[in-house]
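What Swiss-Prot says about this one:
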- GLY144, ALA145, THR146, GLY147, CYS148, GLY149, LYS150, THR151: ATP binding site (BINDING)
- 396-435: coiled coil (COILED)
- 563-588: coiled coil (COILED)
- 6-390: domain 'Kinesin motor' (DOMAIN)
- 755-785: region 'Disordered' (REGION)
Amino acid sequence: MSRQSSITVTVRVRPFSTAESANLIASSDRLSFGTSSSLRNPGSGRQIRRVVKVLDGRVLVFDPPDETTATLSATNRRLSTSQQSLARLSRKSNNSAGFGRDLRYAFDRVFDETATQQQVYERTARPLLDNILDGFNATIFAYGATGCGKTHTISGTMQDPGLIYLTLKELFERMDHLRDEKIFDLRLSYLEIYNETIRDLLVSPTPNQAKPLNLREDADRRITVPGLTSLSPESLEEIIDIIMKGNANRTMSPTEANAASSRSHAVLQVTLIQKPRTAGINEDHTLATLSIIDLAGSERATATKLRGSRLFEGANINKSLLALGNCINALCDPHRRAHVPYRDSKLTRLLKFSLGGNCRTVMIVCVSPSSVHYEETHNTLKYANRAKNIKTEVLRNMISVDRHVSQYVKAIVELREQISELENRLAQIDLSSQSNGSDQDAVTQSFAHESKLAEARNLLRMTFEETLPLQNDTINKVEKVKHFDDSIRVLKYWLSCYERILPNSADERVFLVRSKLESLLTRRAEIIADIDPELVYQKFQRSVSHIINTYKQEGATMYADVLQDEVDLLKSIIENQVLDAQNKVDEFTPVLESLLRSSFKASSLLKEGGMQELFSILEKWLLGIGLGEKPNISVLSESYKLNSTSDDSRTINRDRVHSFPTQPLLNNNLPRMFFVKSPKKPVVFSKRSPKKRVRFDDSMSTSDSGASAYNSPIQTSKLKNMNFFNTMHMPSTPAHKRPENKNQIDVEINLTSPVSPMLEDKPEPGLLIKSPLEKKQEVNSESTQLDQLLAEDSSTDDVSLPHLDTIDLDGSPVPKVPDLNFSRANMDSPTFILNNEAIHNFDFSKPKTRQSLSSLTTLHLSNPANIIRKSLSMAENEEEKAT
């Protein structure tokens, strides 16, 4: 908000001093031709006349014509010709000295000798207080020759205080009146410009004077003084003490023209920061600066009779005032063609924004009516007349401060407390109005306000209900944007992992994933463009704006504030809902990232280990995830099957079967890949080879059901958070590094089992147990015991990989699909638990046993370590019995 403003120029004419009154010409009839020489030399000190005459409150006359002019003209007509010539010559000489110029000047306000300090304050500084409280900068400075009353106008005395005291007194009174609505922060600084150096007046001078301060321009292009003392007074008494301390430190010395001459320019700056107590989410702080400047007076060396350092001080004072006059001349140009020399002096740099910037400025011109200061008064009036043409662009200083999210709840609580306090006040007003029967009009008006307030609350409630669909739509859009962010995050992670771990593979599909990512970003931007909660806020405000305006017109500002607080409370509720939607925690994305991380690590290990089939299947599954497809879990289950169409070249060499390493290579805390369960696939015990090996192969199927390993899916672990890295088997220890132990039975679970001697062309997954025992031992047991074992139905847990059918990267959530159950395919198949007791009672020689085992579909081991130990003990016992 900007306003065009002009500098307000006022003129104050001081009264004659005692010495000047003694030499003042009392009446004009004392003048004669013989005394005209004293008038031609107005500074002679003997005869003094008035050179400034105030006509009214806005116009004054400089060097008015004397009242005896008409009398002299009439007298000249009675003189002889030679005497008339002498009189004309005398008047001509007087006019050349400035006698009777009759120059008229008009200003915003003119004060004569009888004006008091209070009158000057009422017409100059008091109007600026409204601007200060509204956030506009203001400046008051006194300008004039030495001894013309500038310091008296600005500072005054204890009996007759000046503008500083009167201005700050009323400022504190207004602040106390507004403390219920606003929070104020007032800071005060006081400095002087002495011989073009800046001194801090609030710091007592010391023998080792500190380094002078410098002027700086901040980021907002405001002139500041780094290192200047800034105080925060809490009362008017503290301000008076501060001003008196600063005036005591100011440089002053007597001269011939003024007994208490100021030898420096004094600048008092008052900075006021204010903020409303009921500020919304975005707080607006108002900042305003009031500058009160007492300039040193211009002086002539011949009049002041200065020598030495005082002469040097006067030269610097005149230099700075000359720079100020040049700036005024340049600013008066309506086209601003001339450069404004602000940097010619520190005074003009300090007054830069007061003269031509963001500030309301009042210039108080102090002049002397005595002819002793004839030339100084004339020049001062000329500069003041030019300063009227200076235009300034005034802007309100607002500082926007965003509140933290944690302050929303606090703001709501404060608003509710204020509403309760206002309601209590209203209740007290109602009680007092009812008790005082004489004030019936106030009671009636209060009831009318209450009814309007109830009506406004109903309107707000209806508006809130009407905007519920719009509120829900906004919140849904915010949640959708949050879901898009999660999907974009997963896709970016997928791309980074895929390009790093699987380079140069499926470039076309990677391009499709990038296209999908760009599509998600575009759709997200479109949704964000449609989110506009301000529509809801505007509906709330418009629904009760007419009632608020009515309250303000009737002077019921309290009711207007209560209603506005309720509107702000509704806005805060909507904003909190939007923030909750933005900060909603989604547990799906971290789980999916963890799954992708494990899958990519597993694919890298599979590729390095030469397991090309598993690598291809896992790569296919990862590509499906990146393209947003819904991959079936059977894709991963294929990794546990062997290709039934493989040729003889894929037969595994029996001599290359290795045992487990003596020390586990993986962490024992990691989840196991398989649980030991009852068998559900046919198991055939083949004849022992010459190397005394025992083979359990589920590839032989001789049962009537004809169940095959190719027709039933392989069960896997049921761990929900299983990743492929934890399920990979590390390579076994080489044969030449293994310790020789004749009593050790090595067990190794292979994804591709060795070829059965009964079925050479059909490799199947199975369990290979090899023993280095020299002699084959057979276990004698009854077939009935084995039949009982085969009839037992051990409870097995259904296991499945984590479901990935719920993964959808299209930007919309998908309902969870129930877990697959692969145990139903073999529900009717008998189960068999191969544990210690079963091995002890097992008879491999009976055909019935083979027939029963061939009908099984799956072989589960309860504990392989126990089986190994039990087998060793059984073999040793049988060998002892045989010997």
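Every residue, even glycine, has its Cβ placed from backbone N, Cα and C.
Model, not experiment: these values are computed from the prediction.
Everything Swiss-Prot records as a feature, shown here on the structure.
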residue	record	Cβ within 10 Å
GLY144	ATP binding site	28
ALA145	ATP binding site	23
THR146	ATP binding site	24
GLY147	ATP binding site	26
CYS148	ATP binding site	28
GLY149	ATP binding site	18
LYS150	ATP binding site	27
THR151	ATP binding site	24
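Secondary structure from DSSP puts ALA145 (ATP binding site) in a beta strand. The average pLDDT the prediction assigns to the domain 'Kinesin motor' (6-390) is 80. DSSP assigns THR151 (ATP binding site) to a helical segment in the three-state reduction.
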